[in-house]
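Chemist: Before I ask anything, let me first share the structure, which is written out below as structure tokens.
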């Protein structure tokens, strides 16, 4: 099926355009400098029009190829000049949105071409119409170009000052004072001309332009290695090969184009609000997941050799995945590949840099279009994995090497390289129009330094996450052990032995779910009580109390002789977890420096993940023994003992000590945390001032928190933990052994799968720790949400196709492995987003006087939702079947939209200044009493 369209002559027909485009795009550097952006666009349009006429009237292969070459020459000129025109003429604030217009019209062209192909395919002369109609957009664009002015930058560059002034007045408005901008353009032009003129292609290779050159080569290269244009060229061939008819295949390409078009519109709205990097990375994650899913689906359905027939249902699944893939491309690598090279270069080499970028794009396109169908024939489904690997590489490249360019004027773009961790070594100080540029270092305020004491304190406190993690991981594994089920839940074994088994309903038992969920009901109660406990006894002592209670519960569970003893132990475990889960995030947020608060707070989720993995390994090792369940449950005492003893060695947070009136101890704690050489008095005075303000308002905290001005905080305290549980991650963790055993993996393999899921989650947490204080909380929330949503939908589809609507069909091991892979991606998405950030956000947004109360509410909401879900998940899985995963997918969409519109960024803001974010937010500012905040300096 993969080799039907493997023809070098056919690929030469398409790829000849890109070779010609390469030549003209390199020549366009001089053309745009000498004749201007507008005139280069007109030249490209005229050449393209001639090529379209030749192609429509072609009588031989030579005439066809010649027409394609002219089309390529025209496209090379327009692709080089148009992004420059858009970036130079648009206001800096909206440059991204205007520049995406180029990709938007590119998308319209793809959709229009697909629609024309669909309508003309039935006629013998249809191909002439399809090729000949290329003259229409060329004529429209060329005529339109006569009616517009060139960019002021281009006119100044060519010495046409009066025309530049007129153009600037025309685009900025007659009532706007354009002289400052005009002077800036002239200064830049004079600065460029004052430098001894060098060949621009030599200048661009100077060391100080190394970052620009790397981006001009890497960005367009990576765009083509997403594989999107290859899919667009050959989508009719591809869909016809995978089982759709000819007409349906052409229609599929139209659908792909429409999806891409819609996502470009999305990009135009978000690019100047969330920035270029955000769109690049979210799009990359979506495309990566889809490419892997397409590869896995084709491998399972058509076989390793691609010889098996593929049903129309599976072909439609390929189309759906590629539509999601096209959407990810449409809001990221599609428009941004034109934007970035057009905005990063200084004026004197801007046209040269753009020529290089477009040239790289064309040569990559040529090489790929020449080889794709052959690669598809030989690599088969592995071709999609090839592109997936490149997508992973390019996403990492963007993450670490592309600085944000949002909102920066073109004339000031040089500053971004001097501030970048890597590129600043390549950029040198050089004279600009206003003098030398230097990199400013932001003032971090108090506690910018990380000390050994802080590291140890945070590790010890965060290790309380081992308690929650160990319990999450151990419960699901124990409930698959036959000796445990024989002693406490024999009905499960009888149901599993039944001849009429629905794969989703094997573990549907309310008593079994009560075993796990009783902990969360107890945790709900203790987390609410923990508000007063942490306020009265302090954060550290509350952690100690929780560890001690958890230790007792673990001992009872390990020695349980009946169901009552088992449940009592679980309840004590719940009380312990409730106290530690409430106090630990507060401890971490209060003691960590503001600049690194996100990373230190993520340590709590990191230890939760370690607990999950450790529990999975223990379950795997003990499952074969009749006494294995006792070891698994009883070993809960180990993390409790380690954490409790460690907590004895650390000090409480300065905020907590000041709150309880222990000023001298708070001073010593600050000296220990910030370093003996640091002057801690300013920070201590700030803490004392805030404590006095909090105490001056004599009101019950649970009443205070419901005041109107704390409405934003309260909504987040409810919404964030609620949404975390509605991702379904803890349910998957509790029941992952049951789940994988149900979908076809053996008992040992099911336990091993749970370990794999935990390890993936752990690795993604390390990613979160590294970038949460660099990219911010919102970025991680949104990227994680997108990844989880796609995986939930994919799991649902795989289960529906493999086991049938009623879940009565057997599922193959290959499909079970596919479910595992998808849930690993899902677990990774959770691990860098909703996992650690659910602990972080509530612990950092509340003012001191209601901080413990707010954290208690957040933890209580979490426990009550976990309790309800753990009580109902297996019943829901039994009745909803594969749609249970769609249920969680729907919630992930809701929560991601909530984050986009309602959660302000908290990165790097000191706890004492956190109230400022609400007054600046478009929605929450209506609830914040700004006048009172100004008068009392109180949130």
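Backbone N, Cα and C define each Cβ position, glycine as well.
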Chemist: Which one of these stretches, 714-737, 906-929, shows up in TrEMBL as transmembrane segment?
Modeler: 714-737
Chemist: Of 483-506, 627-650, 651-674, which span is tagged transmembrane segment by TrEMBL?
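Modeler: The range carrying the transmembrane segment annotation in TrEMBL is 627-650.
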Chemist: Tell me which of 213-235, 420-442 corresponds to the transmembrane segment entry in TrEMBL.
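Modeler: The range carrying the transmembrane segment annotation in TrEMBL is 213-235.
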Chemist: Looking at 41-58, 149-166, which one does TrEMBL call transmembrane segment?
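Modeler: In TrEMBL, residues 41-58 carry the label transmembrane segment.
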Chemist: Which value does the mean pLDDT take for the domain 'Major facilitator superfamily (MFS) profile' (1-406) in this predicted structure?
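Modeler: Value for the domain 'Major facilitator superfamily (MFS) profile' (1-406), mean pLDDT as a whole number: 80.
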Chemist: Counting only residues 6 or more past its boundaries, what in the same chain has a CB within less than 8 Å of a CB in the transmembrane segment (566-588)?
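Modeler: For the transmembrane segment (566-588), the far contacts come to 458, 461-462, 464-465, 467-468, 471, 488, 514-516, 518-527, 529-531, 533-534, 539-540, 542-543, 545-557, 560, 597, 600-601, 603-604, 633, 636, 640, 643, 652-653, 656, 839-840, 842-843, 851-852, 855-856, 859, 862-863.
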Chemist: Against which stretches of its own chain does the transmembrane segment (779-804) lie, if we need a Cβ under 8 Å and a gap of at least six residues from its ends?
Modeler: 278, 281-282, 285-286, 289-290, 293, 313-314, 317, 320-321, 324, 503, 727-728, 743, 768, 771-772, 810-812, 815, 818-819, 822-823, 825-826, 828-834, 837, 881-886, 888-889, 892-893, 895-896, 899-900, 903
